[in-house]
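Visitor: Take a look at the following structure, please.
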Amino acid sequence: MCGIVGAVSQRNIVPVLIEGLKRLEYRGYDSCGVAVHQDGMLRRVRSTSRVAELTGLAAEDGVASGTGIAHTRWATHGAPAVHNAHPHFSQGPGASSASVGRIALVHNGIIENHDELRAELKQRGYVFSSQTDTEVIAHLVDHLYNGDLLEAVQQALPRLKGAYAVAVFCRDEPHRVIAAREGSPLVLGVGGAEYGENFVASDAMALAGVTDQICYLEEGDVVDLQLGRYWISRRNAETGRFEAQQREVKTVHAHSGAAELGPYRHYMQKEIFEQPVAIANTLDAVNGISPELFGDGAYRIFKEIDSVLILACGTSYYSGSTAKYWLESIAKIPTSVEIASEYRYRDSVPNPRTLVVTISQSGETADTLAALKHARAQGMTKTLTICNVATSAMVRECELAYITRAGAEIGVASTKAFTTQLVGLFLLTLALAQTRGQLAEADEAEHLKALRHLPVAVQAVLALEPQVIAWSEEFARKENALFLGRGLHYPIALEGALKLKEISYIHAEAYPAGELKHGPLALVTAEMPVVTVAPNDALLEKLKSNMQEVRARGGQLYVFADGDTQIESEPGLHVIRMPEHYGALSPILHVIPLQLLAYHTACARGTDVDKPRNLAKSVTVE
Ligand code: M6R
């Protein structure tokens with residue numbers, strides 16, 4: 001989703017800004033741009049193509065300066081088009097006015113009262129050249145500007161409703177960038193003395209290579225970047241005045257998102273095949289089960305809770321939905337799982353003895369962060385996150401954490417993040433079971449053995465790829481698909497359907513197989529492929545009856561069956577044989593062929609697998 005980079009330096013900073021945008025590309029975007037302060041004017045280049053194009057455009061136009069801001073945009077208000085791309089310049093009242101082209105601004109987030117502000121600014125003579133909510137901020141800052149950019153921004157911010165991170169500079173103050181955040185992430189990067197440079201960016205990864213001295217700005221922070229100095233302030237809600245703030249600057253070794261593709265065609269394929277290593281890395285520090293795997297003080301917190309509430313979105317929600325089965329059957333703890341964007345606006349009954357667990361690959365998902373805050377505001381202060389980014393807002397906001405070690409996930413479709421989340425959630429299940437006296441030593445040893453063997457088991461499932469490719473050629477010709485699962489594997493069916501729709505654009509729906517006859521069976525014809533997740537578990541015989549219901553209506557079944565199920569191929573029943581049943585951890589194996597099926601179907605349809613239309617990797621707006 002939108003990414004911001006800004007800098008003040010004594011060297012030409014344009015290549016650094018563009019490199020920063022490249023490192024944010026993985027978030028997903030549909031246009032990009034850079035603006036600088038040059039020869040007493042604002043200059044910019046913008047594009048609806050890739051970030052790499054900005055280098056050529058900047059060189060052609062001779063755009064170079066030490067002060068600038070840059071942006072990748074994921075359209076919310078206004079189509080993806082050059083005139084809507086950031087940075088936006090103020091244009092205001094009257095073409096001859098001194099304020100024309102005075103303010104340059106980039107923004108991440110959504111300004112909810114933009115219509116009202118737009119009407120007011122139009123009345124004052126401001127001219128709008130985009131459909132974005134962002135342009136109103138540039139005009140508002142311009143309107144309030146009276147020789148001090150910091151003051152103008154500080155006066156503008158209380159008028160904005162919604163979420164934002166902004167970076168702004170002014171034609172009349174050559175070596176200054178002001179940035180602010182409320183609801184969208186932003187970091188300050190403190191540069192070396194050589195160029196006296198300082199930076200802001202949406203995340204530390206954007207600054208990898210220029211500085212590892214990172215300060216995570218807090219909600220409401222405004223930072224004034226100048227050569228060799230910076231100053232952070234925040235509004236005191238009682239007095240309305242902005243007061244200086246001290247923030248810790250940490251050494252952060254952020255990894256670049258621009259990982260090499262190696263022999264793979266897409267990042268998604270690479271990430272699917274990285275799962276054995278990602279799981280092994282996630283388990284690396286686990287020598288036994290103990291609450292302390294989740295941080296100091298975990299034992300005390302685990303002792304105080306009587307239920308679990310999981311909050312997440314998308315694929316992370318499905319890993320949470322799988323974990324509910326584990327938590328209730330193994331740890332015997334009541335668990336509810338909520339879609340973060342629903343929970344945050346729902347009247348629910350808070351229980352202070354609940355452990356609130358957020359799950360997130362990025363750790364920056366706006367809905368999940370807001371749901372966490374909502375839970376805390378209701379007195380549920382025992383919080384834990386399962387997250388893939390150690391430096392993310394989610395990890396900073398939660399009391400306890402388990403960091404999955406999937407490594408950078410670039411493909412928009414989440415794969416290795418999902419399976420490593422499941423590993424983290426299974427460890428949480430065992431730690432809670434142990435704390436609650438529900439885990440016999442022998443069972444603990446068995447579970448640990450199965451976890452340690454997982455990378456090898458996953459490798460064996462990945463070897464099924466050629467068989468999945470053969471199926472994907474048939475799927476590529478379909479426009480609809482049904483996915484069935486039962487119990488612990490119903491969320492896996494949901495995840496398989498999400499993967500297929502997300503990257504191949506085939507309409508796919510998942511059902512618990514027992515629900516078929518309550519409605520979706522009406523959709524079943526010879527044209528409807530029905531993908532079935534068939535582990536050899538206690539529900540297998542029930543599932544076989546559901547499969548008969550499909551066969552009796554001429555439906556085509558595509559079944560991923562455990563090796564010990566005795567389900568054989570026959571006309572209308574296509575079977576790919578998985579390894580033998582893997583017990584409680586079986587969902588981690590069964591999701592792999594569904595990822596491969598979605599991936600190869602998308603390849604056969606020729607879609608943009610790593611950057612599917614309309615989607616972003618990191619969803620930092622509501
Ligand atoms: O970074 P998060 O795990 O919080 O992201 C949540 C969802 O946006 C994400 O899982 C999304 O559904 C993926 N594109 C699914 O492949």
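Each position is counted from 1, following the chain as shown.
Note that Cβ sites are derived from N, Cα and C of the backbone, with glycine treated the same way.
So TrEMBL has the following annotated:
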ACT_SITE  CYS2  active site, nucleophile
ACT_SITE  LYS617  active site, for Fru-6P isomerization activity
DOMAIN    2-228  domain 'Glutamine amidotransferase type-2'
DOMAIN    298-438  domain 'SIS'
DOMAIN    471-612  domain 'SIS'
Visitor: Given the active-site residues CYS2, LYS617, which one's Cβ is surrounded by the fewest other Cβ atoms within 10 Å?
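Guide: If we count Cβ atoms within 10 Å for the active-site residues CYS2, LYS617, the smallest count is at LYS617.
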Visitor: Rounded to an integer, what is the Cα-Cα distance in Å between LYS617 (active site, for Fru-6P isomerization activity) and CYS2 (active site, nucleophile)?
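Guide: A Cα-Cα distance of 10 Å.
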Visitor: So, by DSSP, how many helix, strand and coil residues make up the domain 'SIS' (298-438)?
Guide: 64 helix, 27 strand, 50 coil
Visitor: When the pLDDT values for the domain 'SIS' (471-612) are averaged, what is the result?
Guide: 95
Visitor: Can you tell me how the residues of the domain 'SIS' (471-612) break down into helix, strand and coil by DSSP?
Guide: 69 helix, 30 strand, 43 coil
